[in-house]
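A.B. asks: Shown below is the structure under consideration.
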């Protein structure tokens, strides 16, 4: 009989492999993300919600709503830029946005130990994690879908807006 996680389509070794590929901010392994799944991103979203809850912010609905809107936003932007050459589906886009949420989750965990308030240190740390997440998401989007190389700057800008929004949620 097949194990329960395999029946549900959850493969922890594959999730760990994809998560490790995002941890290197200079080079993201796009071959690990060829097949998209949503179990890893859901785990990262729940981790973000947990760290926000530990910070005293109950934002489960807000985070879930922003995740849905940001995935649809990036999907629409990419397919509008690529035109007829765009072969990115919403499932892959949601998976990429979710796995690239890892730096924001790490920032949310680290912000528990950074003094509260609007300090320059908090914004600087947030900027580093936003650039990391933006770089990873842009590289994955361009590598996984055709027709994205000539629009790398615009895709990067859309990813930057998404991860800045999530980091502002962590800061405030």
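Cβ coordinates come from backbone N, Cα and C, glycine included.
Automatic prediction, not curation, is the source of TrEMBL annotations.
Okay, so TrEMBL annotates it like this:
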type: DOMAIN; residues: 23-170; note: domain 'Yip1'
type: TRANSMEM; residues: 38-55; note: transmembrane segment
type: TRANSMEM; residues: 62-82; note: transmembrane segment
type: TRANSMEM; residues: 94-114; note: transmembrane segment
type: TRANSMEM; residues: 121-142; note: transmembrane segment
type: TRANSMEM; residues: 154-171; note: transmembrane segment
A.B. asks: Residues of the same chain, at least six outside the transmembrane segment (121-142), with any C-beta under 8 angstroms of its C-beta?
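C.D. replies: 22, 25, 28, 30, 33, 74, 78, 88, 93, 96-97, 99-104, 106-107, 110-111, 114-115, 148-149, 152, 155-156, 159-160, 162-164, 167-168, 170-171.
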A.B. asks: For the domain 'Yip1' (23-170), jot down how many residues DSSP puts in helix, in strand and in coil.
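C.D. replies: Helix, strand, coil within the domain 'Yip1' (23-170): 113 helix, 0 strand, 35 coil.
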A.B. asks: With the transmembrane segment (62-82) as the reference, find which of 38-55, 94-114, 154-171 contributes the most Cβ pairs under 8 Å.
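C.D. replies: The stretch I would name here is 154-171.
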A.B. asks: Which sequence-distant residues neighbour the transmembrane segment (154-171)? Criterion: at least 6 residues beyond either end, Cβ under 8 Å.
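C.D. replies: Result: 48, 52, 55, 59, 62-63, 66, 70, 73-74, 77-78, 81, 97, 100-101, 103-104, 107-108, 111, 118, 122-123, 126, 129-130, 133-135, 137-138, 141-142, 148.
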A.B. asks: Sequence-remote contacts (6 or more beyond its ends) of the transmembrane segment (38-55), Cβ cut-off under 8 Å?
C.D. replies: 8-11, 14-15, 18-19, 63-64, 67, 91, 94-95, 97-99, 101-102, 104-105, 108-109, 111-112, 166, 169-170
A.B. asks: Express the predicted model's confidence over the domain 'Yip1' (23-170) as a mean pLDDT, rounded to an integer.
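C.D. replies: Mean pLDDT for the domain 'Yip1' (23-170): 92.
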